[in-house]
Structure formats: structure tokens, C-alpha cells
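Visitor: Below you will find the structure I want to go over with you.
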Amino acid sequence: MAKLPKITSLLPHSRVVSGIQPTGIPHIGNYLGSLKQWVQLQEEAARTPFSKCFFFVADLHALTVPQDPLKFRQARLDMLAALLAIGINPQKSTLFFQSDVAQHSELAWLLACSTSMGQLNRMTQWKSKLHLHDHDDLSFLDASATSSTRFNLGLFSYPVLQAADILLYGATHIPVGKDQSQHVELTRSIARSFNSSYKEKILTVPDIILNSSSSIMALCQPEKKMSKSDINSKNYILLSDSTGEIRKKISRAQTDNIKGITYGDSNRPGINNLINIFAAISDSTPSDIAQANASCSNAEFKEKVSSAIIRCLQPISTSFNEWRQNRELLRDIAKKGAEEAVAEASSCMHKLKTLTGLSVY
């Protein structure tokens, strides 16, 4: 994989774009791994001349797996409420539902027509969704009835729609975690290829803003990433969890019998995970957290981690519940955000249609 440029600060005329699927109320891993960074970028963009953030609920992407319509409708509103609760401000950022802006799908088709099957075949996300190995390809599905029944075009072409999400708004910066950089690389490749085909630099090739925080792992099984879809609810902490639920889940988190708090020992994945959570919440480093708590017992350290999480999430949880109860206001915010997004997206598509010969106006 080619090395992507990393950006640590915004310059004038910057545009930040990112989305999150409405697969349930976000957990602390979502917050520390990406959403907290969104708020920081929003504030930085507000201080940077002619800069703008576009954040959206990626509901079209969520349809690559079956959804119950009633639950899905609520999940979309819950995610919007969660984004507002963590500090995304519609006065500073454009906040909207992806499905409310038809130009996402329109641009995805244009990009799909210049994206090779080989490029998509090399993507790892659709393989991980089907529990395949990174080196597997489409031919493997012919021999795997189980995988092929769960495989659809939407899942395979997911990265093309994601590229459209980014390129539609002239994104200059994309905040991502370490495991998502492959899709940004593909987006950059698609943009360069499209520009080359039409001999005009019409699509902006975005740079990456890499979140340096360590991945947050499952509390009871720290060898795997924290996930809302985990059947064991003890493995994750939701932004809406109560104080009691947070303390109970942290107290039951996997640790070990080794005395003292140390960081980096591969034999202590549970302690490493708790240190990473504590460090990300307190804007510190794992080594500093370990050093400051070196003499603590595991139980004492868990209590400190619980208290730090509660201080961080309690105002978010309160705000989330307030937003969640005001469905009409949520719809108004989404509608206004969609109008802003459509205005931007329409301008981009008009230029692209003119360039590709689709427009006669």
C-alpha cells in the first residue's frame, strides 16, 4: 500500500468530510477513535478561513446488510442525536443524512464506470464482512455457498460510494483510523484516474488525517476490536450507558494477576486496553498513564478508568437523551443540513456532467 500523506493541521480553504453508519448508539471506541476527532476538526475549521466540515449519517452504506425498516429509521435518528450530543454543531458543520443527497449515488455511478474490478477485488473490507482472508478474491465465492449468499454488489462496490462521499464535496482532508486508510488510498487513485481520463483536475485528491489513538478493544476479549454488534454487551460501553453500567462493565473487564500497572506487555492485553482508553480520554499517552498509576492494583486502576469514562460520557449521555426525545428538531436539523449539502453537491455534479458530456445546458 502506498504511503498516504498525513495532515496535522488545516490550512485556509480546507474541507473535511466523514461519515458514520447508523448501526446503533456509538460506543466509546467509536467516540475515541473518530468522533472526538470530528469535534476537534470542526473547531479547527471554524478558526481557519474559508474552511468547512461535512459530517453525515451513512445510511446508504448501512443497507449493504439487511435492515428492519422500523429499527433502521430509529437508528438513523439515534446516530444523528449522538453526533449532536458529542458536540457536532450544525452552525459550524454541515450535518445530514447521506440518503437525503441523491448526488452521492449519482457520482458513485460516474466513478464506478472508471474503477476496475481488480481495484475493488483487492479491498479488504468486504472480505472481512464475509469472514474471508485478505488474499481471497471473487473466485473464492464460487466455492463458498455460505459466503456468496451474504455477498451483494453494494458490499463489493462500497468503496466507490465512499469515494463519491468524499469527492463530492471537494474534500481536502479525510479523518480515518489506521484500518481505514486503504479506502482513502483507493479514493485518491480514483480521483487521479478520473482527472487523467478527462485531462482536467476537477476532482480534489484528498489527504489523510490519521487518528493516532490506539484501537479500543473489547473489554472482556481484548484480542478483538470493540463492536456494537458484539453479542456480549459486556464487551462495549455505549455513549448512553449509565454510571452504574459503566462501573460494572469496567470492573468485569479482563485483566491478569500481574502486580502493578505496566504498558506494552503482550501478555497483558486487558491492562493495555484500559490504559489506551484512559489515555485517549485524558489526552495523555499510554506510557504516562502507566507511569502515573504504576503502583495501583488492577481493581484500583479499574476504578480510576471508570471515573474518567464517567466524567467524559455523562454530559454526552444527558445531551443524547435530550436530543433523542425531540424528533421534530432532529428532522429539522437533518433537513437544513441536507439543503446545504445538496447546494454543494449540485455544483460539483453540474461541473462533472458538463465535463463528461451529460449536460446540454
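The backbone N, Cα and C atoms fix where each Cβ goes, and this holds for glycine too.
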Visitor: Select from 22-30, 121-129, 193-201 the stretch of residues annotated by Swiss-Prot as motif ''HIGH' region'.
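Guide: Per Swiss-Prot, the stretch marked motif ''HIGH' region' is 22-30.
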Visitor: Under Swiss-Prot, the annotation motif ''KMSKS' region' belongs to which of these stretches: 5-9, 225-229, 230-234?
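Guide: Spelled out, Swiss-Prot records motif ''KMSKS' region' over residues 225-229, not the other listed ranges.
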Visitor: Sequence-remote contacts (6 or more beyond its ends) of the motif ''KMSKS' region' (225-229), Cβ cut-off under 8 Å?
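Guide: Contacts with the motif ''KMSKS' region' (225-229): 23-30, 215-219, 235-236, 238.
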Visitor: What whole-number distance in angstrom separates the two most remote CA atoms of the ATP-binding residues Q21, H27, I28, G29, N30, G177, K178, D179, K225, M226, S227, K228, S229?
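Guide: So the binding residues stretch over 20 Å, Cα to Cα.
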Visitor: Could you say which of the binding-site residues K178, K225 has its Cβ with the most other Cβ atoms inside 10 Å?
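Guide: It comes out as K225.
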Visitor: For the motif ''HIGH' region' (22-30), could you work out the same-chain residues 6 or more beyond its ends whose Cβ comes under 8 Å from its Cβ atoms?
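Guide: Counting only partners 6 or more residues beyond its ends, the motif ''HIGH' region' (22-30) has Cβ contacts under 8 Å with 57-59, 62, 72, 75-76, 78-79, 82, 86, 215-217, 225-229, 236-240, 277, 309, 313, 320.
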Visitor: Measuring CA to CA, name the entry from the binding-site residues Q21, I28, K178, S229 that ends up nearest D165 (L-tryptophan binding site).
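Guide: Among Q21, I28, K178, S229, Q21.
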Visitor: Counting Cβ atoms within 10 Å across all protein chains shown, which of the binding-site residues Q21, N30, S227, S229 comes out on top?
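Guide: Within the set of binding-site residues, the most crowded position is N30.
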